[in-house]
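A.B. asks: Heads up, here are the entries from Swiss-Prot:
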DOMAIN    1-92  domain 'Chorismate mutase'
BINDING   Arg8, Arg25, Lys36, Glu49  substrate binding site
DOMAIN    93-267  domain 'Prephenate dehydratase'
SITE      Thr260  site 'Essential for prephenate dehydratase activity'
DOMAIN    279-356  domain 'ACT'
Amino acid sequence: MEELKELRKEIDRIDEEILRLLNERAKLAKRIGEIKSKANLPIHVPEREREIFEKILRLNKEVYGGVFPQEALVHIYREIISACLSLEKKIKVAYLGPKATFTHQAALEFFGFSAHYTPCSTIRDVFVEVETKRADYGVVPVENTIEGVVNYTLDMFLESDVKIAGEIVIPITLHLLSASDSIENVEKVYSHKMALAQCRSWLEKNLPSVQVIEVESTAKACEIALEDERAGAVASEVAAYTYHLNILARNIQDSGDNFTRFLVIAKRDLKPTGSDKTSILFGVKDEPGALYKALEVFYKHGINLTKIESRPSKKKAWDYVFFVDLEGHKEEERVEKALKELKEKTQFLKVLGSYPKALLQE
């Protein structure tokens with residue numbers, strides 16, 4: 001027991017040292033904010049954040065043996081950076097709402113709890129908030145591994161001049177939530193149609209006699225569950241904390257390989273980090289081999305394409321544009337050359353942005 005006492009004393013000493021260093025970091029962040037403000041420099045620099053994350057993860061693994069989990073380290077440093085940044089300026093983030101949805105969760109994972117968040121009713125509203133500078137950033141869903149692409153997000157890039165400034169990939173884990181503490185009390189289950197579709201087998205097997213009801217969002221389902229102990233909601237863990245609901249069953253989604261990718265949008269371009277993606281859209285003539293000739297450019301320059309998606313151009317029937325994600329930054333020599341050649345082989349080319357790849361997804 002004496003050894004346990006000594007170890008706890010050592011933990012107390014370390015905690016005090018961590019607290020001292022956090023306050024030192026906060027003081028430095030405030031000084032940096034003052035310098036940036038005088039020089040009229042952007043307060044938030046995502047490229048610098050990426051540099052910090054990569055350095056911390058590398059040190060943890062290579063120098064300290066990786067005893068502390070990498071994913072937990074990302075979450076901790078996200079909040080440290082978010083809190084320090086708020087001492088310089090509170091970042092304003094618009095996202096597809098309502099609160100406690102997966103888009104809200106993605107935004108929190110990217111910007112931390114110290115940012116100021118504005119839920120929007122539609123994807124268009126998120127774009128408008130950023131375009132009009134009422135928000136510094138926006139967060140919108142773009143694709144799900146099971147449900148596919150979010151077409152409305154892609155369509156918005158056809159008409160908007162905002163840039164892609166980041167991506168977030170999160171696992172979609174669904175739980176059965178309720179104000180009751182027993183699953184036996186649940187008579188009705190509410191959720192968004194997509195969430196219900198993704199856990200249909202579990203519901204049929206475990207709650208075969210329960211009425212399943214679609215509502216406009218997982219957040220709405222939680223609001224209903226909060227008011228009625230006989231109601232259950234299918235939603236995220238963030239929703240459980242937000243609405244103070246009990247988690248009656250965890251991970252009830254039918255597929256374990258369910259991820260959603262979100263895009264961060266902004267008004268400015270980002271500098272290279274050394275681990276970037278570039279998103280573009282282009283149109284080609286309606287003739288044989290036109291798309292092949294366009295895509296051949298990337299093969300020629302040894303550039304890997306991670307995604308290609310077609311959408312109607314909305315200008316005339318059977319006229320399509322192509323959305324492409326590729327590895328590398330637009331300022332890299334090979335990417336710059338490829339995009340220059342692509343412009344000559346297409347009817348139009350629009351670079352949507354170059355941005356750091358999602359952390360821990362490489």
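Here the Cβ of each residue, glycine as well, is placed from N, Cα and C on the backbone.
Describe the structural context of these features.
C.D. replies: In the three-state DSSP scheme, Lys36 (substrate binding site) falls into the helix class. If you draw a 10 Å sphere around the CB of Lys36 (substrate binding site), it holds 16 other CB atoms from the protein chains shown.
Cβ neighbours of Thr260 (site 'Essential for prephenate dehydratase activity') (same chain, under 8 Å, six or more residues apart in sequence): Phe102, Ala106, Pro141, Glu143, Asn144, Thr145, Val169, Ile170, Ile172.
Broken down with DSSP, the domain 'ACT' (279-356) shows 24 helix, 30 strand, 24 coil.
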A.B. asks: Least buried of the binding-site residues Arg8, Arg25, going by other Cβ atoms within 10 Å?
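C.D. replies: Lowest Cβ count within 10 Å among the binding-site residues (Arg8, Arg25) is Arg8.
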A.B. asks: Please report the three-state DSSP label of Thr260 (site 'Essential for prephenate dehydratase activity').
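C.D. replies: Where Thr260 (site 'Essential for prephenate dehydratase activity') sits, the three-state DSSP reduction gives strand.
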